[in-house]
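Okay, structure first, notes after.
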Amino acid sequence: MESWNSTLGGAFILVGILDDSGSPERLCAVITALYMLAMISNGLLLLVITMDAQLHVPMYLLLGQLSLIDFFLTSIIIPKAVMDFLLKDNTISLEGCALQMFLALTLGGAEDLLLAFMAYDRYVAICHPLNYMIFMRPSICWLGVAISWILGLLSALGYTIHTMQYPFCKSHKIRDLYCEIPPLLKLACADTSKYELMVYVMGVAFLIPPLAAILASYILILFTVLNKPSNEGRKKALVTCFSHLTVVGLYYGALTVMYVLPSSYLSPKQENLLSVFYTVVTPALNPLIYSLRNKEVTGALRRVLGKWFLPTQSTF
């Protein structure tokens, strides 16, 4: 087949779940509502963590970084998908596709490593509480955040450059919500088998060690919690850990199916559903999972909103 590239003014056509759905208008409304929920919940959590001095501790610094990642991840994908559906124009330029892929991979890689660092934070807080401010002092905390972002950025840069160097054929419909590696490789006019194997191996290498670190941290936490004499302390520790494990399960479950299982395992429609789950459902749920049963966050939210909306009493 004749190939085309950016010098020929080529563009991709995103054929996502909204185009393949039986009731696209209803699905569009649901996705839009989830996007707004993700924006509001993550935005509020970022505001509260920034404004309230009582939350200026490592746990909430990391939670703020997670909200920041989710805020941008859903923003680089969902608005375009919804606007494309409403305007009936699903095209995306090669440059735009490369940028979207790079940003999504950067944010996804950073979140992958950040969740592991958050598990380490909970391990230190519960298993070594007296040394918490030593092991999680600001310099170590910011170093962990920086490593997460830098490694995510470098891996995304490598993937994007390598993927976009392939020549793509005229049948350039990407059957996905956004530009991802697997559907793009299906459009390549060259042999991509070695690169697909490399993507698989690198995906496993990038996902499994952080997941193993998370599981090891929570096994150690579980043993420590079960030996706590205080029922109240045990309950508080379990609630905090359950919130984090729920987020980990949602995130790693979707990514494992998308990047670790063979591409033939899923149909294009199933891949689209996973993309929606990964890019809008989990970003909408994460801040709710962390904050609904967290008294410190809800208390801080009341204090911050109270300063803004409650009338100040003048004294005479």
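Quick reminder: no glycine exception, Cβ is built from N, Cα and C everywhere.
Listed in TrEMBL:
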DOMAIN    41-290  domain 'G-protein coupled receptors family 1 profile'
TRANSMEM  29-48  transmembrane segment
TRANSMEM  60-78  transmembrane segment
TRANSMEM  98-120  transmembrane segment
TRANSMEM  140-161  transmembrane segment
TRANSMEM  197-225  transmembrane segment
TRANSMEM  237-261  transmembrane segment
TRANSMEM  273-292  transmembrane segment
Exercise. When you scan the chain for residues with a C-beta under 8 Å from the transmembrane segment (98-120), skipping those not six or more beyond its ends, what do you find?
Worked result: 59, 62-63, 65-66, 69-70, 72-73, 76-77, 80, 92, 144-145, 147-149, 151-153, 155-157, 159-160, 163-164, 178-181, 184, 206-207, 209-211, 213-214, 217-218, 244, 247-248, 251-252, 255, 278-279
Exercise. Which sequence positions outside the transmembrane segment (197-225), separated from its termini by at least 6 residues, show Cβ-Cβ distances below 8 Å to it?
Worked result: 109, 112-113, 115-116, 119-120, 122-123, 126-127, 155, 159, 181-182, 185, 234, 237-238, 241, 245, 248, 252, 255-256, 259-260
